[in-house]
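The next block holds one structure in the form of structure tokens; read it before the comments.
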Amino acid sequence: MNGEHSMATPGESCAGLRVWNQTEQEPVAYHLLNLCFLRAAGSWVPPMYLWVLGPIYLLYIHRHGCCYLRMSRLFKIKMVLGFALILLYTFNAAVPLWRIHRGMPQAPELLIHPTVWLTTMSFATFLIHMERKKGVRASGLLFGYWLLCCLVPAIDTVQQASAGSFRQEPLHHLATYLCLSLVVAELVLSCLVDQPPFFSEDSKPLNPCPEAEASFPSKAMFWWASGLLWKGYRKLLGPKDLWSLERENSSEELVSQLEREWRRNFSELPGHKGHSGMGTPETEAFLQPERSQRGPLLRAIWRVFRSTFLLGTLSLVISDAFRFAVPKLLSLFLEFMGDLESSAWTGWLLAVLMFLSACLQTLFEQQYMYRVKVLQMRLRTAITGLVYRKVLVLSSGSRKSSAAGDVVNLVSVDVQRLVESILHLNGLWLLFLWIIVCFVYLWQLLGPSALTAVAVFLSLLPLNFFITKKRSFHQEEQMRQKASRARLTSSMLRTVRTIKSHGWECAFLERLLHIRGQELGALKTSAFLFSVSLVSFQVSTFLVALVVFAVHTLVAEDNAMDAEKAFVTLTVLSILNKAQAFLPFSVHCLVQARVSFDRLAAFLCLEEVDPNGMVLSPSRCSSKDRISIHNGTFAWSQESPPCLHGINLTVPQGCLLAVVGPVGAGKSSLLSALLGELLKVEGSVSIEGSVAYVPQEAWVQNTSVVENVCFRQELDLPWLQEVLEACALGSDVASFPAGVHTPVGEQGMNLSGGQKQRLSLARAVYRRAAVYLMDDPLAALDAHVSQEVFKQVIGPSGLLQGTTRILVTHTLHVLPQADQILVLANGTIAEMGSYQDLLHRNGALVGLLDGARQPAGEGEGEAHAAATSDDLGGFSGGGTPTRRPERPRPSDAAPVKGSTSEAQMEPSLDDVEVTGLTAGEDSVQYGRVKSATYLSYLRAVGTPLCTYTLFLFLCQQVASFCQGYWLSLWADDPVVDGKQMHSALRGSIFGLLGCLQAIGLFASMAAVFLGGARASCLLFRSLLWDVARSPIGFFERTPVGNLLNRFSKETDIVDVDIPDKMRTLLTYAFGLLEVGLAVSMATPLAIVAILPLMLLYAGFQSLYVATCCQLRRLESASYSSVCSHLAETFQGSQVVRAFQAQGPFTAQHDALMDENQRISFPRLVADRWLAANLELLGNGLVFVAATCAVLSKAHLSAGLAGFSVSAALQVTQTLQWVVRSWTDLENSMVAVERVQDYVHTPKEAPWRLPSSAAQPLWPCGGQIEFRDFGLRHRPELPMAVQGVSLKIHAGEKVGIVGRTGAGKSSLTWGLLRLQEATEGGIWIDGVPITDMGLHTLRSRITIIPQDPVLFPGSLRMNLDLLQENTDEGIWAALETVQLKAFVTSLPGQLQYECSGQGDDLSVGQKQLLCLARALLRKTQILILDEATASVDPGTEIQMQAALERWFAQCTVLLIAHRLRSVMNCARVLVMDEGQVAESGSPAQLLAQKGLFYRLAQESGLA
């Protein structure tokens, strides 16, 4: 045929736009498409693209553009080419005009098209210019435009060249070829990147992100990240290998934007009080707010991040448009395969279109995912920063309602859950759109039979929602049990010394395993429901297809089930199934996110510190006054009653004011009121000048000594040295391995209690403040150290002389040195004046002193006189004492966040020398997970269950393959009179295979989850047992945070993540085998292409897994630092505010978050790199399957072709998820490595021994004998105690004293076998303690430590952990310690729930409760290890009186700093350098005038 039948001549218009050129059966190259259609598409599509998107793009770069670019060579070439194109199209427009002028008739389009292109090219050239001015270095818009300009016109040009029309219109064709060449050149240039901006706003980072230097194709496919992935494959990645963070991703930028919007929205709330949020005083209100405060936060998030979210949503919508183009193209392709007379080029074209549609879907979907993941990263940073800034302004009442662990949980769980929900926001509306489009497709394919799909779908939807709701209930129950387990575990680890000292491990393990059992029960139920849900999702495609096919076969007139109807229906139903699956899941995730969002909003609305609570202004004070309180009434929160009433106080410049009073009088509250920490009900507070604060419980940071002291101030070495010497830290620091640069560990793990307190004091002194507020800083110090510190720092001649000082103290002998004394009682000022004035008044102060003078029992006269002298005599007895350096704790590693109280992680290792101190760091695994880890997990699952699971997966996948193959046979059945003969049989077998697949799928899913629960149970028990059986030295060396990670985060991964990743991997791996088998069986030729594709997949997988595993581990470690810093700041927020250090602390938090983002960003880019490239290769497999089907059309049925191509369409996601699942599983398997870290650590001696059971009443008398006893705390350290040989008689009361580092506490550790003897031994009632199990030994000895310890739970549980006493006995013990009235006043009385570790009680009250607990144990041996050091003299007298009555017949070992405490002991042991230097009664030792006498002199007792 002639070409004129298919081509329009240049002068004629196109009458129709039929796509297919049907004039010839086998057309030549230039007959492929109708020329008129190509002309219309080529003429209008590129201009429409640019004119629609161009103005929007101009507006965007106008708002978001940066500095202009240099006029580079690349820009000049682009502009020259642009002007050349303008000239050519001007010429093309001028030619028709010239011809019209000459009278030649011309078609309208010959003038319209060049004119449109002329204006469009002018606009494109203008965009090139504007991009340079706005700093755009690689344009995606123009890349797409030049690409469109090349594709369709190129086909048109090829057709014209093939038609041989060059000779007819040579000039026109030359212009066309030249234009095409210039457009191709522009396309090539648009793939290049221009030079950086001429003037950059920021200095160039050391390792900039290569995205800025990437071309548009590289950005689209994330090839710019390949360098980092290749580097991670070749070596271990370090911080220097990661890209620098862009400013738009920095914490400072993100948090400031969100905080500004949030505060603006919050201020618009009705009832807003200005400085403070809505009060939520109870922890329950924090966890489950009664009324939502989400509005301001939600609006703030939307205003800050809406542009990123909306751009991502646009990409998703475009991606879904191409998603739904694939079924239509598949329908056309199967129609082509079923028509034996159709032309081959139709199949080729459809294969190319399916490939392009799939590629465009991949491109836009990955761009959506990239934008959403970046949005998630930014939102996590912004909200975490907002929470951190809120922590810095929380009021004291708000802090009491939440613990550090709650805040960390808020950031690590709730924030994460919130940001993950962003991915599901579009699911609320877009999935419904999917469903509508799917039903439209089904109606077109099957007609009214598609209505049955609607019915089945609607019947399954409530089932899925019901399952999701039930599963959500059990998940919430699991979360509650997990939270309970986490709190109990945290308490156990932070109080492990107390637990081990009392032999309570079994009780706590039993309690913990009970909670764990309930948690696993909820987990199993949730997993069972999840299995049902997964099966319903997977089988819903089959159910809908079965019903639709059955109805269509029975009802429809044209009821033949051909390949197009069968496999296009299945393809559409697979999309519908995704919608059905993700819709309930999206709703569930959003519901969970709403709960988390409410918690976050409630926390952000908690009451803040009143900025007007304390005025730093001299206007309210006279010129000589520094502090003034006028008619002050203060409360801890809006709901609590006032704790201070009618306070009127004026403190002049340079005054030392001592504040005293009984326990609970309000002494610490007064300091908090001065700091503005309490809610000011009425009155005014004014302070002139800067303030420094020393808390009662020392708070130190996990940094070096010098950084703790300087506390974000400039280093002044002479002043630093002077401060350290005055605070009695000079000799200590000199003994440290790195001097002032020695890390102190988290919460000062590497320091003794006294060192931490003096470090806290040094921090305040270094400040050079005008006003000093000190909350009993001398309580934790030895007598001689206390004297030295008071004289050199606080006293009249100390470093702080001339400053205004308020000293809360229980050390009454310093009162004569104070300028003024304030006595508080019941929250009011009882009296105030000088020491002599108050003595003459004979008022409240005299009552306190008289109480301190009262002896606890009958003692020696000299001891009583000495006690009186100690209380009232001041420092009359001695000059400046000679001090030895107090030796730090023996830990090699620092722990992480924890309470500063608790002897637990703080052995008073006053006797241990430290050879090296380093901050503890958690172990980080490198490289691939070892096969032994997988084997250990599989052994925990069980070999039979593993084998059974694989068999079930194989069976259900075989059923799935047979189901698809059987459908292809059904589709190929011959049609006779519009009907197929065996439809009933085909349908029945199809349904049977589907049922078998459903059963196998449910069984396999359930087997995976049950196996995971079994493995999790065994691994947790193993971890718990390994940790509980570890000696105390293990806890001193291992940070608490590391252990908590094992019991919380790592255990959660083993519980949930590993079974889920294992299920996903097995599902997709077996599905991949099915796809490969289907494609290979239908078109064996495809194997030739599949093998290279699989090699490329393996290469991508290797690069990704090697890098991603490292990035995830680094990210986890960096995020732990963020959480640790957050917890540390929460615990010390009062100090931070007092020192006005919020700015530096915020900057440190931002730096830690930025470092975390430097790792998070490459990881999310690596995920997109993998997905984009694997989907691109998967799309190639679709193309291979389609082209092979076209090549094999002569002998390939339409049914098999549909089976092959429809399976190949699923392989894109399948192959990606195989790699992703394997990577996720390997990352999750790191948790198994970590929970097994402590399997091979040394363990304690057995808790129970058979020999112990034979002596149930041991010990009867309580005689203790040391025989040449010695111990060291670690093999590399010197002996802490050596050569101790002595006998303590039954019922004897022995005091143990000595300087710091003398070995006092080490004796008690040896007695309790917290440290095993290195030499010699200890006998109790003639029985070696090594013959007794540890629990038998420790349960027969009672110890009251210096720092009182309470546990989460009821007051009764704390008093009687083993439930061995009646309520009457407990009340009797409480009455003995004079706490019965206090406990009676509590809500619930004995069932009163203690907050945290008794944070809602004073130190004195907690110590008395610990004493009551000791009374209830009824043991023959009692150890008091500095038990009265932190309490006031009145409380100490109460304790001594109770001990005298209850333990009169028991052997008592009393370790004391205050020599007054041991003056009425029958015998005193004086320890020195690990040996017993002196032994005898107090009177005898004083008469000897030896070491005890010198200690008494330093304490003012001699």
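Positions of Cβ are set from backbone N, Cα and C atoms, glycine also.
Positions annotated as ATP 1 binding site by Swiss-Prot: G661, P662, V663, G664, A665, G666, K667, S668. According to Swiss-Prot, the domain 'ABC transmembrane type-1 1' annotation covers 309-592. The domain 'ABC transporter 1' feature in Swiss-Prot is assigned to 627-851. Under the heading domain 'ABC transmembrane type-1 2', Swiss-Prot lists 946-1227. Annotated domain 'ABC transporter 2' per Swiss-Prot: 1264-1498, in sequence order, evidence recorded as sequence analysis. Look at Swiss-Prot and you will find S891, S1285 tagged as phosphoserine. According to Swiss-Prot, the region 'Disordered' annotation covers 854-909. Look at Swiss-Prot and you will find 59-78, 126-137, 195-300, 369-424, 470-531, 596-938, 1018-1060, 1104-1174, 1219-1502 tagged as topological domain 'Cytoplasmic'. The transmembrane segment annotation in Swiss-Prot covers 38-58, 138-155, 174-194, 301-321, 348-368, 425-445, 449-469, 575-595, 939-959, 1061-1081, 1175-1195, 1198-1218 (among others).
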Pairwise CA distance, G664 (ATP 1 binding site) versus S1285 (phosphoserine), rounded so that it is a whole Å: 44
Among G661, P662 [binding-site residues], residue with fewest other Cβ within 10 Å: P662
C-alpha spacing of S1285 (phosphoserine) relative to K667 (ATP 1 binding site), in angstrom: 45
Cβ contacts under 8 Å made by the transmembrane segment (425-445) with residues that lie 6+ beyond its boundaries: 309, 313, 316-317, 320, 324, 327-328, 331, 453-454, 457, 548, 564-565, 568-569, 572-573, 575-576, 578-580, 582-583, 586-587, 590
Local confidence of the prediction over the topological domain 'Cytoplasmic' (369-424), expressed as mean pLDDT: 86
Under 8 Å by Cβ from G666 (ATP 1 binding site), same chain, sequence gap 6 or more: C643, L644, L824, N826, G827, T828
Rounded distance in angstrom between the Cα atoms of A665 (ATP 1 binding site) and S1285 (phosphoserine): 46
Per DSSP, three-state class assigned to S1285 (phosphoserine): strand
Protein Cβ atoms within 10 Å of A665 (ATP 1 binding site), excluding its own: 24
Result, the transmembrane segment (174-194) in contact with the transmembrane segment (348-368) (3+ CB pairs under 8 Å): no
Distance, S1285 (phosphoserine) to S668 (ATP 1 binding site) (CA atoms, angstrom): 45
Region pair the transmembrane segment (575-595) / the transmembrane segment (939-959), three or more CB pairs under 8 Å: no
Among S668, S1285, which are recorded positions, the residue with the most C-beta atoms within 10 angstroms of its C-beta: S668
Alpha-carbon spacing, G661 (ATP 1 binding site) to S1285 (phosphoserine), which is rounded to whole Å: 43
Structural state of S668 (ATP 1 binding site), classified by DSSP into three states: helix
CB contacts for V663 (ATP 1 binding site) [other CB atoms within 10 A, all chains]: 19
